[in-house]
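Features as listed in TrEMBL:
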TRANSMEM  B:33-53  transmembrane segment
TRANSMEM  B:74-99  transmembrane segment
TRANSMEM  B:119-144  transmembrane segment
TRANSMEM  B:156-179  transmembrane segment
TRANSMEM  B:199-229  transmembrane segment
TRANSMEM  B:241-261  transmembrane segment
TRANSMEM  B:267-286  transmembrane segment
């Protein structure tokens, strides 16, 4: 419907990590979005954008295999979604741990390593040493070594987010699905976590699909964006998608994309989706009409 | 109740611990009480650690309360109270697990429903004890615990159930921890979060039924919550936390049994009091340690300000 081939898909040599073909999703009898085409190659950094309630998180759930696609074809790492196991790392939408939760950050990261295994680990085994080494390494990688031994409930939002990224990374996934990882972080932490994710993508070749409310902190690192609207979607390089023309066509209402003097993009006039999900987003649903992309 | 008379005669603390223990353990019922108490305490300490982490104390309490009509009903129809406890607690766990959860507001509805059923079952238990005229003082010991008259057969039943519960927990422990702390990510990694929740409630029902037989149905938290809360105040590591929780539960049970033997006051009171004391000490210790750490770099003690 409102789908445009804004650019020829740069087909990577290998099979795509994520391939969506004309996918539509229905939740509670309502079609959230349809006609989504997306091919993500290995090592690409992709952002999923769109107004609140449009179903950005649902797209991540489709890739996880938790939410079935109503129509179309979904392939993740060459198989049906939900079959890739630890090859996919996942960071759900903002969870903050209760301040009274008595679990160290290290233990939470460790759950990402072997939390899905049954039975009791053997003490002093080689597997255990390997686990300890990898966990220390990944905690060092995200810069959380200074507080990983503290109960996670006592860490700040940014510290918790780094530990959770470490948890998602600990099994060396090929695909990282991040649902609003910068949400409710302050600006310095947003920049730091965004650059951490960018480094992981570039240096370790991990494919990143990230749901974002604000594209600006990650804009310079993006290979591709998917802009969702009620009914349709556009995908392509950010310079081609986040433009007044493309978004006006997508939303069928005048939308203006402004570039501020420091290079930030501001989208004005983007319609909000129907308020069905407003309870979930209530805390950041107000005054967003002229918000950032 | 002949044991009670013997107690009144012979039980005097002599300040010679070896002699006192020898005297106490000369009674087979005391030996059985220690055996049963130890088995129950280990199970409750370990299961309680998970229960506190999962914030399911209310469910744990409900399961234990349901054991009261189970036990009194079993006595009424002539089956051992032990079987009544286990049958009712495990059945209640399955019922609680089957009640569908509707998002975040579902919690309120669930607790109202559970509270309603809990009060009704407590009343049923009261009726059963009233109908069974022969159970002298039975209501009190069912509700607040007793260490008298634990048979060897009962010890074996408790041991078998505890072994089954701990073995099952050893198998599901890691995924259960994952599902408790981080259900979304666990589900995405293929951990069966719903089934684990049901399995945990069934194991918790069995643990609560066992604990009820020492502390009574109303004081199960003495072994199910307090040692776990104490352990979690002292360590945030899962492995040591589990061991510490079980150790505290066993220690307060042994202390409680010993003191109850030498004093005229009931076991439920002593076990609960010692567990409470441990908890207060642990929290005070953790608070003091935090204050000390926060205060070290600051020269003025008032500037330490532990949050």
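Placed from the backbone N, Cα and C atoms, the Cβ positions cover glycine too.
These figures come from a predicted structure and were not determined experimentally.
A contact links the transmembrane segment (B:267-286) to the transmembrane segment (B:199-229), because at least 3 Cβ pairs that are 6 or more residues apart lie under 8 A. With pairs at least 6 apart in sequence, the transmembrane segment (B:241-261) and the transmembrane segment (B:74-99) have fewer than 3 Cβ pairs within the 8 Å limit; the two do not touch. Most Cβ pairs under 8 Å to the transmembrane segment (B:156-179), among the stretches B:119-144, B:199-229, B:241-261, belong to B:199-229.
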